[in-house]
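Inspection log for the structure reproduced underneath, given as structure tokens.
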Amino acid sequence: MTHHAPSQPLTIEARGPLVGRIAVPGDKSISHRSLMLSALAVGESRIEGLLEGEDVLATAAALRAMGATIVKEPAVAGGGGRAMGTAAPRGEDAVWRVHGVGVGGLMQPAQALDMGNSGTSTRLLMGLVASHPITATFTGDASLSGRPMGRVIEPLARMGADITASPGSEGKGGRLPLMLRGLCPAVPIEYTLPVASAQVKSAILLAGLNTPGVTRVIEPVATRDHSERMLAGFGATITVEDSPAGKVIAIHGEAELKPQHIVVPGDPSSAAFWLVAASVVPGSDVVVANVGLNPTRTGLIAALRMMGADIVELDPRVVGGEPVADLRVRHAPLSAIEVPPDLAPSMIDEYPALFVAAAFAAGRTVARGAHELRVKESDRIAAMAAALGACGVPLEEHEDGMTVTGSSGEAIPGGATIASLLDHRIAMSMTVAGLHARRPVTIDDVAPVATSYPTFFTSLDALTGRAA
Ligand code: S3P
């Protein structure tokens, strides 16, 4: 039962400058993990700053279906009860309380688990179920049902899970809907990641939590490390060592997790849209408060700075074990760059926004080595090439990226209707492109924005002086 919000077309006319201060909602990756680990701790965890996007709510619903109690407590007027380090205005002041079932305590869900649009929910929860004596069916929307699950099926099957993917999808690497029968006790493995994927790494580590012995993941290319940080924070025995083959991450199984008070920092992947918008719309001066700056996530900031962006970090601090700062970004002329391919893992979700920045830079920006973009919520290379191309931006699509010829700061032609393809980041990126276009840009459906950034358009209105 996957619900489809009705299509929500939106036409963006040029506007600006963007001026003011906004806070971005909680980090999506950290929000998923905070719910999952809290659901496995014994006792009550509290989560502040949780992203209340559809993807994270899908994770919450699935964990409830497997026995966890998850309740949202509305914010106390006046902001009382805030945890340390959250003095900045926050989008979400509510506290979420989670009563966990203990590692190994997940229960048989009565119905299929509806993952909606969320790859992170699907792949991480598959890991959790894999080492529990339960069977779960995972379903999702049209976008998610086209995404490769073989990358998690393969290691989880080695640990003993029995997985039946959608008939006919085997040759394509396995697709939803799929049924996963966990094995308890599962078999610990040592697994070298064939693709740089934090979701695959996390699925194996989460399966390892309830597996006797030591489960090891070897990561030749570093990806976001929120799972490792949070597992350690919950009291699991986890070690990370460098080796010639890459990072070796070892989790000791049959762990007991202790409940925590978690403060989720703001999502750098959501901040990305404001960093690009303020950089390209003349006269802009924006402070994006509470942005998580985990070094495995800051590739876009590095790339934009190479292009000449004016981004300053204010009030650097640590929130919930993650580095955080407020980012002040002012309009600046951007120059084309060759995006270093080794930045790819730390900006993998930010390429659509980077392609928009490139559309306004002086010269030809070349981004290669980002093949994974083709298996995100949409094929983001094809989607952005089609969308920017329709808006009159000269570009060349490559198998693993794109070359974009920018406008040297001028407005792009615009005047097109583009397809967001059930992909939130395409919808938000093209909204930003439309802010500095000669003719309006219509997005056929902005409903997917609610998966990761439900307040995106409210913040856009606030920054452009159109607050209700
Ligand atoms: C995520 C990992 C990345 C990223 C996704 C969130 C995570 O996916 O694109 O938005 O939370 O672990 P991959 O693991 O497929 O690279």
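All residue numbers here begin at 1 and follow the chain in the order shown.
Placed from the backbone N, Cα and C atoms, the Cβ positions cover glycine too.
According to TrEMBL, Lys28, Ser29, Arg33, Ser197, Gln199, Lys376 bind 3-phosphoshikimate; the candidate from Asp342, Asp349 that the record adds to this site is Asp349. Checked against ligand 1, the binding-site residues Arg147, Gln199, Arg380 give Gln199 in sequence order as having a Cβ less than 6 Å away from one of its atoms. In the three-state DSSP scheme, Ser29 (3-phosphoshikimate binding site) is classed as helix. Summarising the environment of Arg147 (phosphoenolpyruvate binding site), the number of other Cβ atoms within 10 Å of its Cβ, over all protein chains shown, is 20. Residue pairs drawn from Lys28, Ser29, Arg33, Ser197, Gln199, Asp349, Lys376, the listed 3-phosphoshikimate binders, are separated by up to 19 Å at the Cα level. Candidate binding-site residues: Lys28, Arg33, Lys376, Arg380, Arg425. Fewest other C-beta atoms within 10 angstroms, Lys376.
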